[in-house]
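Novice: According to Swiss-Prot, the feature ATP binding site maps to GLY112, THR113, HIS114, GLY115, LYS116, THR117, THR118, an assignment based on sequence analysis.
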Amino acid sequence: MKHRIQHIHFVGIGGSGMSGIAEVLLNLGYTISGSDLQESAVTRRLAGLGAHVAIGHTAANVAGAGAIVTSTAVAGDNPEVIAARAAGIPVVPRAIMLAELMRLKRGIAVAGTHGKTTTTSLVASVLAAGDLDPTFVIGGRLTSAGANARLGQGEYIVVEADESDASFLNLLPVMAIVTNIDADHMDTYGHDVARLKSAFIEFTQRLPFYGSAVLCADDANVREIMPFVSRPITTYGLSPDAHVRGENVQADGTRMRFTVQRQDRATALPPLAIELNLPGLHNVRNALAAVAVATELGVPDEAIAQALASFKGVGRRFTQTGEFPVPAAHGGGTFTLIDDYGHHPVEMAATLAAARGAWPDRRIVLAFQPHRYTRTRDCFEDFVRVLGGADAVLLTEVYAAGEPPLVAADGRALARALRVAGRIEPVFVEDVADLPQAVLDFVRDGDVVVVMGAGSISKVPGLVGELA
């Protein structure tokens, strides 16, 4: 891809989708600059790798750039975007730049409403264990790599494909994984589930004729689109008819044990015993997707099993922050703290089920910050149902993510609905800054505290650890 444009500037370089692309381009030898509203571990890492990172957005930041990259989170009136257009500098959407990266290698793209980051990470890990040395660009920090991107020397690039803004339709992979299809980011699809499903069909149709669609057989919406996918299909899941099928699934603390049965065209392959270093049935499905890809690419069974057994996880995906002391005033003892990115009811239910499976005899305390008023409105009853499944709930105000407040779709409304449902008496903490102390005031010996959300609540586990 090396050509006359040598200097590429990223507006919002600290974002999960932007930073990985920037890092790969840095390693390809490009001059990378970028800006973000605040310094973070991500911006510091990129600066340490050689990027010039500015805090704050100003027109001067784009000086010398041959192109600037933006995400859908960057508004058109951003001063850097305005300056670039005035200077005739190409403004490139993030997904287009990712598509350009994928042209350098054979692309494996992971799409789906839930589980993309973990599945992408698992696929990258099993390919690495099979000595395929993949490049990867992931929406979360792969713990074993210490980063969310890496430039490998192998022929494959594994990427997370974003359906939230339909930008995954810019990608041209040779393998496409669809983990599930759920009603989220529906503003993009005119609140029409049929349009959402059509987008996923189009995603698979962008595969070449020799490509492969790897589809989850356990998801009803994915099953609905299968008749319209005209590329070779490999299915995976716990369903009896899946080509790559998990059987005899057992939880063992925070690990899952299961056997994989596989079909290679009409031939049955030997069973594969897996011990997955992640909890929950949803992660069994994510691992089965990785097994399906690895099997198709010829990764040895021993390498697949080793990669899944030693998988160290992804940042903020059921991350065990540690064991912390309960204040003496509350009887002492210890509690377990889990950090998780989940913000949709389906994701939340899966994470809570994983916590129950890992610690069946302990109280599960959920500290949750809703993300976006529109999602809270659209999924309100589902949020009430899922929140009611925890043993105790601490609830904050909605993280707006730039949206204006909506009547009856805020944190207080959720708290009221939980009380009316009678399942639970939530503790409402209006300011998320007060949540770390609220957790310590509430927790008791043996509790498992799951801190969950996609907004500013991400800082809470670290603050709880400092206060404990």
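Note that Cβ sites are derived from N, Cα and C of the backbone, with glycine treated the same way.
From a predicted model like this one, the values you see are computed outputs, not experimental measurements.
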Novice: Can you name every residue in this chain, apart from GLY112, THR113, HIS114, GLY115, LYS116, THR117, THR118, with its Cβ inside 8 Å of the center of the Cβ atoms of the recorded ATP site?
Specialist: VAL110, THR119, THR179, ASN180, ASN286
Novice: Non-local Cβ contacts of GLY115 (ATP binding site) (under 8 Å, 6 or more apart, same chain)?
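Specialist: When sequence neighbours closer than 6 are ignored, GLY115 (ATP binding site) has THR179, ASN180, HIS282, ARG285, ASN286 within Cβ distance under 8 Å.
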Novice: How many other Cβ atoms are found within 10 Å of the Cβ atom of HIS114 (ATP binding site), counting all protein chains shown?
Specialist: 21
Novice: Counting only residues 6+ apart in the same chain, whose Cβ is under 8 Å from the Cβ of THR117 (ATP binding site)?
Specialist: ILE138, GLY139, GLY140, GLU160, VAL314, ARG317, TYR341
Novice: What same-chain residues, at least 6 away in sequence, bring their CB to under 8 Å of the CB of LYS116 (ATP binding site)?
Specialist: VAL110, GLY139, GLU160, ALA161, ASP162, THR179
Novice: Where among the binding-site residues THR113, THR118 do you find the Cβ with the fewest other Cβ atoms within 10 Å?
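Specialist: Fewest other Cβ atoms within 10 Å, among the binding-site residues THR113, THR118, is found for THR113.
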